[in-house]
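I'd like to ask some things about the structure below.
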Amino acid sequence: MKIGVLGYQGDVEEHISTINSISKPDRNVRGMRVTKRSEIDACDGLIIPGGESTTIYKLILEYGLYDYIKEKAVDGFPVMGTCAGLIILAAETGDDRVRGMGAVDVSIRRNAYGRQINSFIKEINIKGIGSFPAVFIRAPVIDSAGTADVLSYDDEKPVMVRRGNVIGMTFHPELTGKTNIHEYFLHIIEGERSTSTGDLSR
Ligand SMILES: NC(=O)CC[C@H](N)C(=O)O
């Protein structure tokens, strides 16, 4: 199985090494940096990493991938967005410099906790995963989760959401040494695969 990590800017290597660390003899998983359509097409899922959403957004446009990723995500291709990645997948960003794709129905506000100094680590509880040390770095805040399933809240604000094949979180799971969220994403991919091959037995 190959997981692409959109490789323009941000925590690309950290996601790739987290993905590679969950590979097992009976389940070969490889993370790879992707910047082009053909590279994404060779993958079973895509991660849009955290970083600077305005920069990542600009490069997605420059490489002509905006509509392509949006359509793929809406069509059922598994996509995970972390922090800046979730801003790009959101329905509403309130910021013209980053138009959300609407792949997950959330309204998000950039840098809502304040400046870099207001970054923090907090243990949160995630539905289907359990306790997780969430690293928030100049994180956005989800003001409304619309029709998305909320998998985790912090201080009554959603911090992790899912809409079918798309998951997103306002924190950085790739910086913790913990692999549960990446494994959860693999389960989504495996679910998509069994559905697309007609295996509805699970
Ligand atoms: N850690 C992050 O990805 C921060 C996101 C960043 N503050 C933005 O709005 O792009």
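Just so you know, glycine gets a Cβ as well, placed from its N, Cα and C.
Note that the structure is a prediction, hence the values are computed from the model and not measured.
For reference, TrEMBL lists these features for the protein:
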type	residues	note
ACT_SITE	C83	active site, nucleophile
ACT_SITE	H172	active site, charge relay system
ACT_SITE	E174	active site, charge relay system
BINDING	G51, E52, S53, R110, I137, R138	L-glutamine binding site
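Burial and contacts for the listed features, if you can.
Secondary structure at C83 (active site, nucleophile), taken from DSSP and collapsed to helix, strand or coil, is coil. Within the same chain, the residues at least 6 positions away from C83 (active site, nucleophile) whose Cβ sits under 8 Å from its Cβ are P49, G50, G51, I137, A139, P140, M169, T170, F171, H172, listed in sequence order.
In the three-state DSSP assignment, the secondary structure recorded for H172 (active site, charge relay system) is coil.
A C-beta separation below 8 Å, combined with a sequence spacing of at least six in one chain, links E174 (active site, charge relay system) to D11, E14, H15, T18, P49, G50, T82, H182.
For S53 (L-glutamine binding site), the same-chain residues 6+ apart in sequence whose C-beta sits under 8 angstroms from its C-beta are A84, G85, I87, I88, T93, V98, R110.
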Non-local Cβ contacts of E52 (L-glutamine binding site) (under 8 Å, 6 or more apart, same chain)?
Q9, G10, A84
Across the record's L-glutamine-binding residues G51, E52, S53, R110, I137, R138, the largest CA-CA distance in angstrom?
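Those residues reach a largest Cα separation of 13 Å.
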